[in-house]
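Summarising the annotation, Swiss-Prot assigns substrate binding site to Arg70, Glu112, Tyr127, Gln200, Pro201, Trp202, Ala203, Phe204, Pro205, Asn206, Ser207, Ala250 and lists sequence analysis as the type of evidence. What Swiss-Prot lists as Zn(2+) binding site is Cys99, Cys102, Cys117, Cys122, and the listing cites sequence analysis. The divalent metal cation 1 binding site annotation in Swiss-Prot covers Ala166, Glu186, Glu227. Look at Swiss-Prot and you will find Glu182 tagged as divalent metal cation 2 binding site, backed by sequence analysis. Sequence annotations record features per position, and here Swiss-Prot assigns divalent metal cation 3 binding site to Glu182, Glu186, Glu227. The domain 'Nudix hydrolase' feature in Swiss-Prot is assigned to 128-257. According to Swiss-Prot, the feature motif 'Nudix box' maps to 167-188, an assignment based on sequence analysis.
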Amino acid sequence: MNAIQIQDCGFWLIHVNQDIYFPDNNLPFGTAESLNLTHRNAARIGEWEGYPLFVVKEDPAEQREWTALRSLLRLPEEKFYLLNRGVELNYFLKTHRRCGKCGHQTEMARDEWAVQCQNDACGYRTYPVICPSIIVAVRRGKEILLANHTRHMPKNGGSGMYTTLAGFVEIGESFEQTVEREVFEETGLKVKNIRYFGSQPWAFPNSQMVGFLADYDSGEIRLQEDELNDARWFHCDQPLPELPPEGTIALKLINATLNICRQA
C-alpha cells in the first residue's frame with residue numbers, strides 16, 4: 001500500500017477484521033484531508049458509485065461505529081464483492097508481513113495483488129491466499145436436504161437456521177470430489193449429477209464459496225455430530241425452517257433447488 005496523498009478523493013473502505021465503517025448507510029466519501037486519513041496507507045481497489053474506492057491499511061486499535069460485513073449482504077453484489085476484496089487484501093497483508101521462504105520483510109507489489117520479499121537474494125513473490133470451499137444443495141425428488149449446523153445452535157426455543165452443506169477443498173481434490181466427500185462425511189449420503197451453480201467471495205476471512213447442485217443417490221442420514229445438530233429432508237410444499245439471509249449463495253442454492261423440486 002502507498003501513503004495516502006492529501007488530494008486523494010473518493011470512497012474509503014475503513015475496517016477492522018470484518019467490521020466496516022459504514023456511516024449513513026454508505027462508505028465515507030471525500031478527500032483524504034477532509035477525512036483525516038493523510039497519515040495512513042491505502043490502495044485503490046476499484047470504483048464505488050463512479051468514484052475511486054480506496055481500502056485503508058487496517059489499524060486494529062481503530063475505534064469507530066462499526067457495521068458487520070455480514071449485515072451488508074443486502075447490498076448489490078458488485079458492492080459486497082468490493083468490500084470482500086478490501087477486507088481480504090488487508091487480511092493477506094497482515095498475515096504475510098514476512099517471506100514464507102526466507103523470513104525477510106515483504107512489501108506490496110506495485111504491478112499486481114501480491115507481496116514481494118525485500119531480500120534481493122530471494123525476491124519471492126506471494127499471492128493472496130484464497131481458500132475454496134464447496135457449498136451444495138442436495139435434492140431427492142420433491143425434497144431438499146437442509147441441515148442445522150453446530151454454529152447455528154437453536155436459541156430461545158427456536159429451531160435455529162437450516163442451510164446447505166459446505167466444506168473446504170482438500171489438496172489434490174476436485175470440487176466435485178469435495179462435494180461427494182463432504183456430503184458423505186456430514187450426512188452419510190451419496191450424491192450424483194453434481195453440477196456447478198455459481199460462486200461468491202467470502203471474506204471470513206479468505207474463502208471463495210463454490211456452489212453446486214446435486215441429486216440424492218443412496219444412503220440414510222447419519223449425522224457427523226461435531227458438525228451438525230440435525231439434517232433432514234423437507235418437502236418443497238411444506239413450511240420451511242429459518243433459512244440463510246438474502247444475498248448468500250446458500251439461499252440462492254436453496255431457492256434454485258426448491259424451484260427444481262416443484263417442477264419434478
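Note that Cβ sites are derived from N, Cα and C of the backbone, with glycine treated the same way.
Here the features listed in Swiss-Prot are painted onto the structure.
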residue	record	Cβ neighbours (10 Å)
Arg70	substrate binding site	13
Cys102	Zn(2+) binding site	12
Cys117	Zn(2+) binding site	21
Cys122	Zn(2+) binding site	14
Tyr127	substrate binding site	12
Glu182	divalent metal cation 2 binding site	23
Pro201	substrate binding site	20
Ala203	substrate binding site	23
Pro205	substrate binding site	15
Glu227	divalent metal cation 1 binding site	18
Task = Report, in whole Å, the straight Cα-to-Cα distance of Ala166 (divalent metal cation 1 binding site) from Arg70 (substrate binding site).
result = 18
Query = Quick one: which residues besides Cys99, Cys102, Cys117, Cys122 have a Cβ within 8 Å of the Zn(2+) site's Cβ centroid, in sequence order?
reply = Gly100, Lys101, Gly103, His104, Thr106, Gln118, Asn119, Ala121, Gly123, Tyr124
Task = Could you check which of the binding-site residues (Tyr127, Ala203, Glu227) sits closest to the residue listed as 'divalent metal cation 2 binding site', going Cα to Cα?
result = Glu227
Tertiary neighbours of Ser207 (substrate binding site) (same chain, Cβ under 8 Å, six or more apart) = Ile130, Cys131, Pro132, Ser133, Phe168, Pro201
For Cys99 (Zn(2+) binding site), nearby residues of its own chain (Cβ under 8 Å, 6 or more apart in sequence) = Gln105, Thr106, Cys117, Asn119, Cys122, Tyr124, Thr126
Remark   = Rounded Cα distance, in Å, between Ala203 (substrate binding site) and Glu227 (divalent metal cation 1 binding site) is 21
Task = Have a look around Glu186 (divalent metal cation 1 binding site) and count the other CB atoms within 10 A of its CB, chains all included.
result = 22
Request  = Average the pLDDT scores across the motif 'Nudix box' (167-188) and report the rounded value.
outcome  = 98
Non-site residues, in chain order, whose CB comes within 8 A of the mean position of the CB atoms of Glu182, Glu186, Glu227 at divalent metal cation 3 = Leu165, Ala166, Gly167, Val183, Glu185, Thr187, Gln224, Leu228
Message = Through the lens of DSSP with three states only, how would you label Cys117 (Zn(2+) binding site)?
response = strand
Inquiry  = Measuring Cα to Cα, how far is Pro205 (substrate binding site) from Ala166 (divalent metal cation 1 binding site) in Å?
reply    = 16
Query = Between Tyr127 (substrate binding site) and Cys102 (Zn(2+) binding site), how far is it from one CA atom to the other, in Å?
reply = 16
Message = With every protein chain in view, what's the tally of Cβ atoms within 10 Å of the Cβ of Ala166 (divalent metal cation 1 binding site), excluding that atom itself?
response = 24
Rounded inter-Cα distance in Å - Ala166 (divalent metal cation 1 binding site), Cys102 (Zn(2+) binding site) = 35
